[in-house]
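What follows is a set of notes on a single structure, which appears directly below.
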């Protein structure tokens, strides 16, 4: 199974609404590795790594996010897989 890595920037009302917690729970449920963090400009940044199918599914889910989020844009940049121990919130 081919491994993929996506760097994702999520824009909109995505801070203060549980987006990072939702991302961790959802990514772990899909078996993904990587991280998520809030950016000073109000966006959420994440890296997802796993099978191409899992990564693509997570990207689609990011367009909605948790109930309180209002996502206006999801920007994706694909890259080479790296080494991640699990999925976590970083600062």
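Glycine too: its Cβ is placed from the backbone N, Cα and C atoms.
Just so you know, TrEMBL annotations are computer predictions that nobody has curated.
The average pLDDT computed for the domain 'Acylphosphatase-like' (5-91) is 98. According to TrEMBL, the feature domain 'Acylphosphatase-like' maps to 5-91.
The Cβ of residue 20 (active site) lies under 8 Å from the Cβ of 36, 37, 38, 44, 89, each of which sits 6+ residues away along the same chain. What TrEMBL lists as active site is 20 (among others).
If you look up TrEMBL, you'll see 38 (among others) marked as active site.
Taken through DSSP, the domain 'Acylphosphatase-like' (5-91) splits into 22 helix, 36 strand, 29 coil.
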